[in-house]
């Protein structure tokens, strides 16, 4: 099987930084899952004794705590500070940016519209910085059902697709008196998505490697399927199915921002033997 890798794929700056932080802070707790890749989390726990804790009330005083890449709600961060735990913040700088924008714009009286998944930890963290109730929408259709104010500020979950953000921005501009638009989709996400789109037009089958709970990985799969219907998401080489590759000659591979090189290489090696 011939293999072609996407031009851009895999670990982004924020994930690399977070993993380095975890490796340097052995025996710490991580408040929530550091990244959305279970196998890499297991590696960190096994080799560096960093463990996940989801409940801030269960974190002991004076304990070393790492904040996940997606950030956490403002009230949880304040709780940890008041409790006296030692905080190491691994929040991606690209996530901190929309947090700051939401806080600033809501204080100025803008209604916050956030394009994202309301259940995603990044989104939960970002909207916690709003001083008034924020609207969270995952599509233009969802936005069309919402009541809008005259002054609106638009931000996005960092892993969303730019064309869909532009659709929402256009809708708001047509209906609101004043609209502030902030493109908070991170550069690495945009590059990876474009590379996946370009590659999907060339190949017979596309394999997306990454965690099944990872937003950016699921976006890559969605993009790949636009031009390559035989696109599949796998967490590692063990999930590859031989039947997928029947009568296929060229396989494209991309990977989510939380996918380590060692997993990508294992997938690549197995496909090369088919």
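Think of each number as a place in line: the chain as shown, counted from 1.
Even glycines carry a Cβ here, placed using N, Cα and C.
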Per Swiss-Prot, 12, 186 bind [4Fe-4S] cluster; matching candidate in 92, 251: 92
Non-site residues, in chain order, whose CB comes within 8 A of the mean position of the CB atoms of 12, 92, 186 at [4Fe-4S] cluster: 13, 14, 15, 69, 93, 94, 95, 158, 187, 188, 189, 257
Nearest-integer angstrom distance between the alpha carbons (Cα) of residue 158 ((2E)-4-hydroxy-3-methylbut-2-enyl diphosphate binding site) and residue 186 ([4Fe-4S] cluster binding site): 5
By Cα-Cα distance, the member of recorded positions 12, 92, 122, 186 nearest residue 215 ((2E)-4-hydroxy-3-methylbut-2-enyl diphosphate binding site): 122
Cβ neighbours of residue 186 ([4Fe-4S] cluster binding site) where a neighbour is any other Cβ within 10 Å: 24
